[in-house]
Ligand code: ADP
Ligand code: MG
């Protein structure tokens, strides 16, 4: 499903490359396990099939840019699906990574992870600092890295770095860029400085549990890193 998307805004044409990776998570409890076995089966590094145990002729195959099986580690997800896009940031391009899926699918685990098994966000931010300091040493760059962190919950934008700022407006400029005027932008000098802001800000997220998952927040969080 690697495809070129052309966004035409009437003036200029922008081309972006979208890659879709699927990650299968392991069963969380024995209760989930069915006698038949899992209904999703990885075929190779790009293909999976979903089995209908009641009617095997209804088995459907899907193709993706990457299929990560349930044994895939946080490091492997980062190395294959995230690290390669980060150098583009130093060329002035935008790079975005997002996790999509139903509650309990493993989005928070993949993006945030835990202290023992950090996810995409801490690994990517660490890598951005590494890339930039290499440029700094080799080519004498002057750089600054800053962050913004927001949450969309009930169609309202909350500034997680400044939790008193609720319901911020979303604007679009004439180049069709989405802007949030008034969103806090904090300059961070190192990975540990980033963590110092990021961890408490994450705790500012709205947490409303759902029947599926006690800790689900039912909100969308967006972390912006600007170099
Ligand atoms: P989501 O954010 O999509 O609602 P979570 O990331 O909270 O889902 O995952 C639900 C549960 O499954 C959590 O307890 C999480 O730790 C666990 N989990 C998710 N993906 C994995 C994985 N790849 N390996 C081990 N545990 C996982
Ligand atoms: Mg979650």
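Residue positions begin at 1 at the first shown residue.
For all residues, glycine too, the Cβ spot is worked out from N, Cα and C.
The ATP binding site annotation in TrEMBL covers 101, 102, 103, 104, 105, 106, 107, 108. Marked as domain 'Kinesin motor' by TrEMBL: 17-227.
Here the features listed in TrEMBL are placed on the structure.
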residue	record	Cβ neighbours (10 Å)
101	ATP binding site	12
102	ATP binding site	9
103	ATP binding site	15
104	ATP binding site	15
105	ATP binding site	16
106	ATP binding site	16
107	ATP binding site	19
108	ATP binding site	20
Suppose we screen the binding-site residues 102, 106, 108 by Cβ distance to ligand 1 with a cut-off under 6 Å; which survive, in sequence order? 106, 108
List those of the binding-site residues 101, 102, 103, 106, 107, 108 whose Cβ lies under 6 Å from any atom of ligand 2, in sequence order, or write none if there are none. 107, 108
Please report the DSSP secondary structure of residue 108 (ATP binding site), reduced to three states. helix
